[in-house]
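Enquirer: Questions regarding the structure given below will be posed in turn.
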Amino acid sequence: MRRLIAGNWKMNGLISSQAEIEALKGLTGGATCDIVVCPPFTLIDRAVEAVKGSNLVIGAQDCHAQSSGAHTGEISAEMLADLGVRYVILGHSERRVLNGEDDEIVMGKALAAHRAGLISIVCVGETRHERDEARALEVVGEQLRGSVPEGATSRHLVIAYEPVWAIGTGLVPTSEQIEEVHAAIRQMLKERLGDDGHLVKILYGGSVKASNAAVIFGLRNVDGALVGGASLKASEFAGIISAAV
Ligand code: PEP
């Protein structure tokens, strides 16, 4: 399967950060994987212009479930599609925890993204406490069942397994732990989507860097990565991308 490497800039980046996108274009011209950069909303318009004619595409970090209306401060999937956005990250653990987003909300957003023609990157993952209680598979299964809408297909859906305790901490699960969860996700996708479940990309996310990417990409059912901190510097992100091809 063609790998997908997505960078989540979170609430980072000013107009001057455009230089990182320009640099990334220069560093990844020959890459044979799909590369997505998800800057904050404020930079999306410029970023879409900047990547024209390159192999980079632009994603967003969230969208609203409604297409328009009285939702002050929100951004709809249709607005993102209108700008030329192709992907949207949904249900990131920071939004689940800090913005109180539950599975039902994430599913509503995934439906909206699908309606607008965007590809959803739906994030799932257990907390440290849940892993310590040996509940990682149960929690991820519940999130997946609750967040992935009926009728989802591999053309509109990517799953990112992001253990909450590995995000931004420098901690990475063992290879066995990653393979165990990714295999369980693959199995659930096959049960939900039939044969098409084989084609849904499953990304790993959580402290991926250029130095550990090759090992992670070598694991079964790992089809790419969702990268936070290491996506902010073009040279580091390019190092991860080169490990994927
Ligand atoms: C993320 O926020 O999705 C993430 C994986 O962050 P980091 O790579 O910094 O751990």
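The chain as shown is numbered from 1 upward.
Any Cβ shown, glycine's included, is placed from N, Cα and C.
Just so you know, TrEMBL annotations never went through curation; they're auto-generated.
Quick paste from TrEMBL:
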type: BINDING; residues: N8, W9, K10, G168, S207, G228, G229; note: substrate binding site
type: ACT_SITE; residues: H92; note: active site, electrophile
type: ACT_SITE; residues: E162; note: active site, proton acceptor
Enquirer: Of W9, G168, G228, listed as binding-site residues, which ones have a Cβ less than 6 Å away from ligand 1?
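Expert: G168, G228, in sequence order.
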Enquirer: Of all the binding-site residues given, N8, S207, which residue's CB has the most CB neighbours within 10 A?
Expert: N8
Enquirer: Have a look around G168 (substrate binding site) and count the other CB atoms within 10 A of its CB, chains all included.
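Expert: I get 13 for this one.
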Enquirer: C-alpha of W9 (substrate binding site) to C-alpha of the residue listed as 'active site, electrophile': distance in Å?
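Expert: On Cα coordinates alone, these residues lie 12 Å apart.
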Enquirer: Could you work out which of the recorded positions (K10, H92) has its C-beta surrounded by the smallest number of other C-beta atoms within 10 A?
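Expert: Each of the recorded positions K10, H92 was scored; lowest Cβ tally within 10 Å is K10.
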Enquirer: Roughly how many Å separate the Cα of N8 (substrate binding site) from that of the residue listed as 'active site, proton acceptor', to the nearest whole number?
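Expert: Approximately 12 Å lies between the Cα of N8 (substrate binding site) and that of the residue listed as 'active site, proton acceptor'.
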Enquirer: If you measure K10 (substrate binding site) to H92 (active site, electrophile) at Cα, how many Å is it?
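Expert: Cα-Cα distance, K10 (substrate binding site) to H92 (active site, electrophile): 10 Å.
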Enquirer: Translate the DSSP assignment of G229 (substrate binding site) into the three-state scheme.
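Expert: Note: G229 (substrate binding site) is helical by DSSP.
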Enquirer: Taking only the residues the record lists as binding substrate, namely N8, W9, K10, G168, S207, G228, G229, what is the largest Cα to Cα distance between any two of them, in Å to the nearest whole number?
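Expert: Result: 14 Å between the two most distant Cα atoms.
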Enquirer: DSSP three-state call for H92 (active site, electrophile): helix, strand or coil?
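Expert: The residue in question, H92 (active site, electrophile), is coil (DSSP, three-state).
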